[in-house]
Amino acid sequence: MGKDRDKGFRGAKYNPSSSGEANTLMGSQSSGFIGFSAFSSNLTNATDPDYYQVEPEYKVLLKKLQKKDSISRIKGLEELNSKFQKINIEDAEFNISSISPLMNAWEFMYKRLVNDDDRNVRDLASQCLGSIGSRIGKHLGPHVKQLLGPWIVAICDQNDQSINNALLSFQNIFPEKKRKDVFKFGHDEALTYLCENLQETPQTIGDSKSISQEILQERYERCISNSLLAIEYLINNTTATATDSSSSSSTTTTTTTTNNTGNTEIYEKIFESQFFSFFQSKSSNIRKTAYRVLTTVIKKLAGYVEKNFKDFSSKVLGLFSEKDSSTHLYMWDAIISFLQQYGDKAWSNVDVRKHVLPRLWAFLRSGCYGSFELSYPSILPLLTFIPNSIVIGSPSPSPSPSPNTNIDIGFFKELFTNLEKGLEVVDNPRQYGNPNSVDRPSNLLLSCYLECLIYSSKKWGQQYQQINDYLIDTLLFNFYNNHFNLEHSCFSEKLFIEKLLESTIKLANLSNSNLLKIQNLFNSNSFINFNNKENLLNNNEPITTDNNNNNNNNSSPIIKKQEKIIQPISKETLISRLNTFIIVCSNNNNSNNSNNNNVIQVIIKRLFNLACDNLNSNQELSIKILDFILGNYKIDQIISNGLDDIKKIITQLALALNESLLSTGGLNLGVGGDLVSVIVGLLALVPDEDEIKLIWSQILQIFLDSINNNNNNSKKKNNRSNLITNTTNSLVHLINSASNKINRNLLLSTTLFKSIKIQDKKQLQLIKSILFNNNNNNNNEFSPIIPNESVELLIKWVYNKLVDIINTMVQLNLVFNDNDKGGDNNNDDDSDDNDVSIDYLVELSKLLFSSRFKSKSLESLLIEWCKFNIEINNRPSLSGFKSKCNSIDEYLFSTTSNIENDKFILSLLIESIDRNSSTIITNDNLNLNFLSNCAIKLIKSGSYRHDENGDDDDDDDQLYSYFIKEFTSNQLVINSKDQIKISWFRYNRITPFYLLDNYGSNKDNNDSTTFSTDKLLKVLIFNFKVIESFGLEKFIKYSNKENNNSIELLLLNLLFVNGDNQLPPTPTTTTTTTTTITTAVVVSTNEQILEFIENNSTNLLNQFIESLFKFYGDEIFNCNWFNCLVSNVGGDGNNGGIYSVLLALFIDYITSDACLPTSSMKLKSALLNSIKIDNDDNGNSIDSIRQLNLVQILLPILQKESIESYKQWSINQLSQLSSSIPTNFKSISIQLSILSSIVIQRQQQQHQQSQKEQQQITQDDNEILKEKEWLTLLNLIQTIQQWNSKIKSAIIKQQEPELEFLFMKEVELSCLNFILIVIQYISNINSNKSKQPIYLSNNQSQFVQSFLSIWLSNNFTLLSFNKFKSNYYYQQYRNLIEYQSLKIYNIIISNDNIKFIIPGIGDQFQIDHSILILNNWLNRVSNSRSNNNNGNTSDSSYILELYSNTFMKMSNDIKYKISLTKLDNLIELLSTFNYSTSIYNNKGIKKTSYNLLESYFGNENTQLVKSFLLENENNNNNNNNDDGEEKVSFILFSNIFEKILLDFDSTFKPMKKSKDNQLINSISMGQLMCWNLLLLNYSKIDLNRRSILNGWLNDNNIQKVTLFLNQIFPFINKDESPLTTTTTTTDNNGNNYSIEFPFSIIDNDQLITYRMIQKLCSNCFYSLVNYLPSMVRRWADDNSTNSKMNQQIQSYITRFISPIIIQNEIQRVNSYRCTDSDSSDAKFQIKGSTSSKEVTASYEKDEMTISLVLFISDNYPLRVLTVEFSKRVGVSESQWRQWLLSMTSLLLTQDGTVLDACLLWKNSLDKHFQGVEVCPICYSMFHNGTIPKFQCKTCKNKFHAGCIYKWFQTSHKSNCPLCQTDLS
């Protein structure tokens, strides 16, 4: 590498260090370096590193530092740094003598590392130096001289590190006060080292054979730059600057060094030998560094500069030739520092005009070579240092020069001309962004240009007139001239004007002569001559500039480009620039300097006069200028003759406005708008109103004369109409604009409105302008410019037209939809008075309503619009008008000034709901949301009116009072109590004996009642919406004042809406268009009702009860309405149940969390005190149903003592019963009911308490009944069973035929809960292992079985109910029994309860009753599908959910057996959509069906497909005929199942067009369920039976899987994984399988959404790939020609599916263990790796090992495994190939897993070594579960029977495939 610098060890850096000097500088010894005074003796000289003396561990690390790769060096430095940090010289075991050789070696190595190519290496080397220096302390002293040079190089390293580790190391080792001593101590050696570095070249700095030239060049530049910076660092730390004060006239700074003369000479030698040569280096980095050092030399080494001043002047002032912008910062620093240091002397020793100025001019012409931000701000400082001798040719200006002195101004021409030429480089909008950006480089040039111009005028222009003329008349004028004449501008517009105006003012402030010269400049005709401007604007010829005129004083302006076409300025650009110019002038007009204001006023006056003089010749430009000026200046600042000038100008402007109107055919908002603005501005300056009227009359006369003159000459009617419209628009615009400045009454004119033709819809905007000051008023306030009587005429005209339209449409019952025009008039000519569109009336009415004009006629118009709006929103035939009238809704249904009108409008809304069916608007056509919103809006607006009047009393809210009175007086509302239907499932607090009291009622079959229910629902919802919007507290407050029954009515009607009252079926007959529309409205109305009931009704009822408690407090129980409520609880018929429910709701609130505990206790006490329960003398006993219901409702708040008393009373009474049949069953029923309610209530409380305390409460913790009491109940079961047996006996039936009916009627309801609590008790006892189990006796068990059988089989003893099976109460009774019996059955089959409750016959009992439950479930589903269920759909929801839970608890064996009986029914439910049930139930039905079918399909013995062999009749006659081949037919077990699987026309095909159709989505989900069941069965059966199912999937050349994949794949979200943790199941080995349907996907959503179908499709797709990979591969191959489809398939499987399948395959392989049944004595091992995707299998037998490796591809199973046999000792090549074919066949055609393939290989090996050969036809040892047994007697080869038979069929001969022997 280059020269051998170590040869001979020459040079100062290898000289011995001065230990004597070091000794004087070292301090006391310490662990840290504290100075050189610590040395007490001389040290031995260190020469070449002695590696033999270095410790071996360091020697190894130092050798690592010599490695070529940087990674090794970095690791070596890290280890070395770690070693250095562990050095402890104070340790007794540390060898001090080892430091010297180590440091000698480190010196040698560090010098190499500081210029390493890797930045990290250089940084780590400095860290190592810091570490060892801080550890060895004073022992570093002898090595400082050799280390200082490279150390400073490292400090000055120009890397991108945020932390300078070399500098940190230096500062940590040496204290601040000792650092100067360090630099002195090692100064000479360090400088010598740096000088040697400067001698390097790219050829000597490295080996060019092994290192690229680029790296060498980079290394060379880094070495030179860092060395130069290191020299600068030494200079700055060893010298100081001082000012020589001996000569006051001297401008130079002398430098004295604190070092010796020898050091200065060393610097001089460095600079003389090679420093200036670096200025010519090709490396910009080296040149930049050299310029930086040059600045330091100028400031620090003044003596050296003085000695070589001529060279320095030439070099420094010649730096303008530098073209690299990255170096210009230091270049300018050096130049300015040199000129500051030496002033004029700097120019004396150099030929400026030959050596300096040409380079400077070239620098400026080139745009400073790109350094805009640095160079342009530096040109002015440079100009200040240029002496006069160079500028004007004389050493200094004369003290009093003559103004006419002739001097050379060539310097200024060159300076400013070259700056102009530099603009061609700088002005590049594409490169430098937005032309209007303030950061444009041209803006920097502009600032530089103007600053130099001002400075030149100030320094030289004031003394030499010639210079000043050139600067102002030529240069400054050209700026203005070009800016207002040329389109292109190189500068930002606003910044240019600001800078130019600022410079103009500064020039004017320099002297009075400058001010006069500038004023004359602006007053001259050449400054913005409008006549010339007009010619310039109309001239299409471009202007061409020539560079031949550049030497002329009137040279081309700065903006012109040489030899380029300059585009004249456009009108828009000129107007924009003039506007900006005037605004900037206005901003500068507020200065206190009179000269500033004089200059600006001269400019503005000149512009104003030009605009006024050219109004006729150049109207648009003149008007714009006038508008700009008047908007920024006061008129008295511009004109001098006052009012006369204003009148003259206004007249000129009015004529111009009229001329513009006639020429353009209308008001041009560009020119005309500006004209109006200027006229208004001038008109507002007239102080006298009489003068304003006079001027205004002149303006009107101008327009009227124009209309009349043109009217006489006009031939067409349309022209006259347009002229009137345009003229009126102009006047309206003018009046509206002047209204804010002038009294508008002075400008009003009745003639204006008379010229308008109202029926012409073109006049709409004109009318709006007349009524509203919409040009100057953002709020569009009503401010008409016509008299009030004219407004009244307009209102009456609109009213009459609207009435005519309404009467016509209502009487004729016209039909209009959205496609009709609705009476629109599209005629552009004058419209006929009788032909007015509804749209036009809407717009006119909106204008009038928004005006809030106080007029009775306007209120009448409002009422008429309200009528019409009600009609169109509730009549389908007028639905097309909704869109046309929507915009007027905000103005309707607002209060008028008359309360009677408001009540009339409100009555219209109420009556629209309460109309008879014979009217036009029927209850089936109501838009409830619209009507309620209108009523709310009307009442609220009335409240606001009272608030505005300062009256907050609710008594004055007459509209609300009127509404409530109408509500409470409605007969439907009053009679709603008779139609309330209560669902037992919602309010199951009491024993529903009212169901038995109402069994004879048949109200459901009365058509009039059904219609009343429908109508009542709509009336109630309308009223509820209004009441809720105003707050329930307001309703309560009103009701309390009126003291009426409104609260009770509201409670009952809220309960009615929350009950089971259903809407009648929607009519579906559609015969005409009108009927179709009506049907749509009916559905919409019903949806409104259902939506309100579902979302608001329950909350509203609870909120109302809460509001009642907040209003009344504990006084609520003393209210008459509450006492009435309590008195009706438990009464006869339906009313008893209704009031029981209401009381229960009040108690629910008291016991809820919404009621505070203190308030709850108070309310409980008050309620119990207010309710009197009639008891007998014996204590707490119950004798009536009313009393029973009261106690049952009050149980949550009764005291424990009362509850205990009721419990003991019931038990005592029941314990006294005997086997004799009692005479009164009612009392027994009451006793059973209250006891059951107490137990159930207590169980619920315990459950709630356990949930709050998060702990399990056992029976022992708080017993409900004692063990003795439970035994009493168990005995009671036996007693009731004895009664039942006796009652059903033939004797009793003959003697008392009604006894059985009475028994079942009175006891059955009570037994439901009674049996439930007993069964629950037995279950709890038997689940407690510490308790003795309880078994029911035969009689007790028979009692449970008999009742349960009756209930589940629906064989009710109440035969009279059969007459009214459509009756609601019968259905409620049936639902109650069905639900409770299911709960009992649930408990029986849970855990092991069945063996305790039904001992001995549990299995048969479960099968028999499970079949009954399945049949009941199917019947309920069927009834709900056919809409025959008269009960509430919510009841069905509860029951169906309980059915689902019951089936889930059944064992798979039971479900398998019962599903066999109803397979087709269950399958059909998967694909059925039920409109009559909720979507949730629809999904629940599917889920339950799937759960039952899963037990069938998941059974491994289930065979879905059967195969049949079909023989062709020609087979026996012609064996050579191909048609004689035998065929196999496959039959699926169910036609319905097959239809669902393949019915794509009903699922995914229509889904492409309608993705949100619930019917399609539901059927599609059922189809996906069926496919999932099919795959479930496929996964359970063995490989041999899969071939039959595969045969059906491919039967009749129909690829069923391919068809299915083509349907579902487009719906899959390709960016989402198909399998989540919630949709997978895990087998015993922990492998994930998607064999269960992912119900977690659908359970979270209420609807069956398209997104849900997407997820289900992706899940099913995964299952297909997992279980049927061969068919998926075939499908993928078929789509390989479709590049887009193929890419999607490959990407989706590779990204999401393959990783899961591969993971499962590997887990399955690793979890495999050999079974005990394996009789082979061979050792078989198998293992897999997920990371490498490899499976390795080894087979060891008789000391012989055979192994294979299976490689799984990333897109497995699309791509089959690759098999490699790593060891095959003892097995032939052909045998291996046979096994490979067998494994490939298994994977390709039989869908085997990786483990199956490995086990097949193992079995093949076992058979192979047992002497069994593979079949030569299929190359497999196993076929259909058999081994080759058919043997050829000749060749002795054995074949599979199936293979050889197939061979005979295909080859049409019976010869051996190998030896061709006839085998027949």
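Just so it is clear, glycine is given a Cβ too, placed from its N, Cα and C backbone atoms.
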Listed range which Swiss-Prot flags as region 'Disordered', given the options 1-25, 551-575, 701-725: 1-25
Listed range which Swiss-Prot flags as zinc finger, given the options 1539-1584, 1769-1814, 1815-1860: 1815-1860
Listed range which Swiss-Prot flags as region 'Disordered', given the options 241-260, 821-840: 241-260
Sequence-remote partners of the repeat 'HEAT 13' (1137-1176) [C-beta within less than 8 Å, at least six residues beyond its ends]: 977, 980, 982, 987, 989-990, 992, 994, 1051-1052, 1055, 1101-1102, 1105-1106, 1109, 1114, 1117-1118, 1122-1123, 1125-1126, 1128-1131, 1183-1184, 1187, 1189-1191, 1193-1194, 1196-1198
Secondary structure composition of the repeat 'HEAT 14' (1185-1223) [DSSP: H/G/I, E/B, coil]: 29 helix, 0 strand, 10 coil
For the repeat 'HEAT 8' (695-733), the mean pLDDT of the predicted model: 60
